[in-house]
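The following block contains the structure, expressed as structure tokens.
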Ligand SMILES: [Zn+2]
Ligand SMILES: [Zn+2]
Ligand SMILES: [Zn+2]
Ligand SMILES: [Zn+2]
Ligand SMILES: [Zn+2]
Ligand SMILES: [Zn+2]
Ligand SMILES: [Zn+2]
């Protein structure tokens, strides 16, 4: 109830104007939305690529953080980043139970991810990516990441 | 923009039914014809009885949620809560000067452990109660004055007003607020304005597009949805809603032939509306028409008020006639009655029973002389009126008889009292006479005994005794209750006698 009202507001606002490099792809219901982001300035790692984000909202959004992952398909790769696993799971304090705040929204999450990519210079995956991708069965929001690196 | 009307909200009508009766409603389950779920004829008849409404003992309305309100213009971003993304509802201020709706803050803090609450925006620690402060008055005023649309706008309400009034509007005045349907077996909702129409939750088909839909949605359908909802006016070929066609022709259509407003004053001008409008600008009679209409209305109002007054006057006049007839019972059939105007009681008449009681003259003409027998009566305007008058006069009659009876009763009583008093007096006289006679007798007896015992020795004493007897007897007859003479003059043996005499007079 709370979620659908809030998402309705966000949707109307996003239909109006969005920051450059962020586009709304699909928002047919108040459970799953698809967003595309591009890195605007010329970072060679992300040049010319579009990444697709999947938002999954619980009924308690925005009190609870949405689940945000990158989706991989033919035209949308998973961006290289030391905090983004190759299965699309993102390790960002903003999306963690502790780091989330209800003042954030879909747009601000997209902007944060966009700037996270923009400032990145390392074309690498997190440590233990292979193992994590192979053995993880938890949902992203239930994983407790250790935010070891605050520069990125 | 409609402002709250002073008319009490319709739900007040049923406030008296708040006590829900537990008596089972006889019509339950009996549905005879009619649209499904609509009240049966039985139910319709009983629909005012409290038992048939037992499920609806109260109209439950949901208060508007501020978060779903539709604002007429995009609100200032400074007044928008970052959690719910709508203008603040009962906002509070944290010590870091970040504002939130109280409710949003509670939601946001629900998962956080107490004592470790933080500001959702800046993550500053919040000492729960101490750091939550009310917002400045001006913020509240700005929020109150945000203009919103009625939450029932989709249902047809056109209300837009300051947000501070929206609760009252929805809860009290809005005709479109959904309430529980009045149908006995229906649990759907219906606009408040349609509540009294009974259950409208049955399927009908639109005449214009043959779509089938619920009866309650028909008007909305015809106004906004129906594919075939528009038609063009046959006269002016303007496109209008079918629903509004009649009112268009009667009120707006420039080609509809109407007559000048001044027609009630005599203007004969009749033409298409557009021409008539031009004509009316210059037509003196059209200018006067509103005044005439107003006058007409006033006359009608006064006439309506006059009728009951006339009836009242009629009844009063009849009453007066009765009084007059009672005061002068002879005037109706006694030609020798000396008063010149038999109906004017103010004429000085020495024989008038109440000379100082003045009545106004009766307002109807006196009976022409020679019309004997028939009592003077004004024409009656109805049978009821006649009966009322008759009833009045009978009542007068009865009360007069009752008075006469009381009078008579009093007089008889007085007579009886006087009579018995006289009888009593006479009895006293008789008693007194008897007792004095008895005394004389005893005196004589004792005298005789005395004479016998003293033998015939002294003759002079004997003569003296006889003279005493005659004197004492005369005095005794004169005095009724006084001590008899003989006892005073004669000593000894008569002492005891005086006591007995007193006893006798007591009878
Ligand atoms: Zn809020
Ligand atoms: Zn703060
Ligand atoms: Zn309304
Ligand atoms: Zn119904
Ligand atoms: Zn239709
Ligand atoms: Zn027309
Ligand atoms: Zn005219």
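Keep in mind that glycine also has a Cβ here, set from the backbone N, Cα and C atoms.
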Any idea which of B:400-453, B:454-507 is down as region 'Disordered' in TrEMBL?
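Residues B:454-507 are the ones TrEMBL records as region 'Disordered'.
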Match it up for me: which of B:279-330, B:331-382 does TrEMBL list as region 'Disordered'?
B:331-382
Please find, within the list B:173-220, B:221-268, the residue stretch that TrEMBL describes as zinc finger.
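Residues B:221-268 are the ones TrEMBL records as zinc finger.
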Over the domain 'TRAF-type' (B:221-268), what is the model's average pLDDT?
85
What does the DSSP secondary structure composition of the domain 'RING-type' (B:81-123) look like, as residue counts for helix, strand and coil?
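Secondary-structure composition of the domain 'RING-type' (B:81-123): 8 helix, 8 strand, 27 coil.
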Within the domain 'TRAF-type' (B:221-268), how many residues are helix, strand or coil going by DSSP?
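Per-class counts: 20 helix, 9 strand, 19 coil.
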